[in-house]
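Asker: Not my notes, these are from TrEMBL:
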type   : residues : note
COILED : 333-367  : coiled coil
DOMAIN : 5-96     : domain 'Polysaccharide chain length determinant N-terminal'
DOMAIN : 368-442  : domain 'Tyrosine-protein kinase G-rich'
DOMAIN : 506-684  : domain 'CobQ/CobB/MinD/ParA nucleotide binding'
Amino acid sequence: MRLKVVKIFAILQRYWLPLVVLHSITLGGAFSIAMLSPRIWTASTQLILPDTTNNLDASLGILGQIKDQGVAFTNELNPLQVQTSIMTSDDVIRPVWLADPEKDKFRSLGIYKKLFKVKPVDQSTTIHLEVTGSLPELTIKRSERLLLSYQHRLNELRQGTSDTRQQFSQMQFQKAESDLRLAKDKLGQFKTSTGLVSDEQQTRNLIEAIKSLRTIQTEIGSQAKAAITRSQILSQRLGMTPQQAINSLRLSQNKEYQALRQKLLEVDTELAFKKGDFTEEHPSIQSLREKHYSLNAALNQQINLLLPNSEGIDTSFGGNNFQEPTMNLIVDLIQADSDSQGLEQQAKQIQDQVQNLNTELSSISTKQGELLDLQRQYEIAEGIYKGIVAQLEQAKISAFSSYPNVQILDSPTVDPKPTSPKLSLVALGALLSSVLGSFAAVTYLESRNSLLKVKDLQEIELPILARIPTLEASTMGLKLESVSEIGFQRLASTLSLMSLEKRRLMVSSSISGEGKTTVTIGLATALSVLGFRVLVVDGDFHKAKLSKYFGYALLQETNALPSPIPVSSKLDFLPAPSIPTSKVMEFVARGKFEEYVNTFQKLGNYDYVIVDTAAVNSTGETPLMAKTLANVLLVVKLGVSDRNMLQESLEQLVRHNAQIIGFALNGVEQGGEKYVYKQDVQQVKT
């Protein structure tokens, strides 16, 4: 956290002048806006939309019911949105604009409309209206004029809608009335011509009548059969047919026939007495027999006259024998025959009636479809007519259905304080502008800054072998914090697993001040802790910083080369030779430096030789030394290293066939709890 604060403080130190200029401009702009912006007042008005429900419920016959619940609030249809659109329409605001004393300040109606804000209030039936103006009185006046213009426009829309509905409905009403009259006439004519009034009722009545007649017919048929049976039995007893019995009865009731029969009976009686006294030839017998023949002929003549072509007639009836039992049987026979014939005739008549009713029923069935069709046409026409009549009546009583009467809930009011400009918003805007502007400016300046960043290293295909916190070297010995020890130990462990050519490693950087000397000391110490014999070589022939660190006093220029100095049991230090600056390149280029290192590496039997050199871009001999030492560890430090210089160093090392094993990232943020370990190293001076 401390390093973050330090980093931010460093950035502010680098860019303090641009940031001061930016904040000055921002504050000046905010002050200008607060002082020079025109003052604006806002008038607020609250409108309410009352319940506009108009219940219409009318029966349309077989078409069902027509119902209208009026205007309902839905997601698709919101009366508040409709009223908002009307209130902000050009036809409503234009009269207000033309009557406004400041109309010349607004070039167009669209610009003037921005003074009015209309918004429906959620979950309610109210509308919130805001009107702005340069003066409180003007703002109130604009609100009142807008409300008047709005009410006037609503009345125009209501009148137009009512007239259109009336005109359209009137045409529909006339057509529906004509269709209803035509359907009624057709139905009446059909009923008159067919006699059908109600097909169902008439069919039901006919079926009941047929059923009743068939029942009566069955009863009469049974009675007729009984009468026929009785007639047949009596006919068998009497030995004559009913007609013969009737003829015999008619003959017995004829007075002339009975008078002749009586005379014949008297003659036959007298003849019978005379035959007892006289013979057949006696004149009295002959006279009586002639009378008998004469009366008998007259009697037969009378029978033929009364009953021509009649046979089987019993001529013995009549006279004093009229009340004899045989006569009663004859009467019963005639009565039974008459009853049977009458019942059969009645049954035949009933059958004719049933047949006529069946014919009428069949006629109703064939005409029933046409009657139903005409009846349905009439009911449909009647339903349409009733619906249009209901709509006409509804249109008369619901003038405000489409455009309800919006009422003023709260009259226009103005806050004494102007609503614009708001100093709090100006201050907040200035603050946000300063913060965001500072961030943008720092980001832009940092993007143009060539200092190395972690993402720059990520773009280079080389590993970061160690992350070392910022350290300060002591001239009195080697003192490392626990965190840095862990970093160096990890670096030493990594190197021990790598196959380094000649077991040599050059530690360098692109520019000076990146901590390569510190990394060299820490790495050498960590390797010695792991048990390796390490020779640390000061390869900076110009500054000899490592030699100064170990307290080695450089001698005057001489041809004698220094020897290794023990630092610990497994760590030796080889100071930089005192060579004239003009001969450093020759010393390295001719291989003397390589011989110098080879000699002591063999004599000391060292496991690793670590050479601390000058920066790659600082001297010309460092790339040559990289070729000699083969393996290079580049030290970079965030906030110090330059990415362009680093790229140039990499290119030089590649051209000299150096094997760059990776980076040691110095100066990273350290966290966690700190524990300090101290290792005193005996200082050796030569």
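Cβ coordinates come from backbone N, Cα and C, glycine included.
Keep in mind that TrEMBL annotations are predicted by a computer and have not been checked by a curator.
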Asker: Against which stretches of its own chain does the coiled coil (333-367) lie, if we need a Cβ under 8 Å and a gap of at least six residues from its ends?
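Answerer: Residues packing against the coiled coil (333-367) from afar: 194, 196, 199, 202-203, 206-207, 209-210, 213-214, 216-217, 220-221, 223-224, 227-228, 230-231, 234-235, 238, 240, 242, 245-246, 249.
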Asker: Could you give me three numbers for the domain 'Tyrosine-protein kinase G-rich' (368-442), the DSSP helix, strand and coil residue counts?
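Answerer: When I sort the residues of the domain 'Tyrosine-protein kinase G-rich' (368-442) into the three classes, I find 50 helix, 9 strand, 16 coil.
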Asker: Limited to the coiled coil (333-367), I'd like the whole-number average of pLDDT.
Answerer: 80
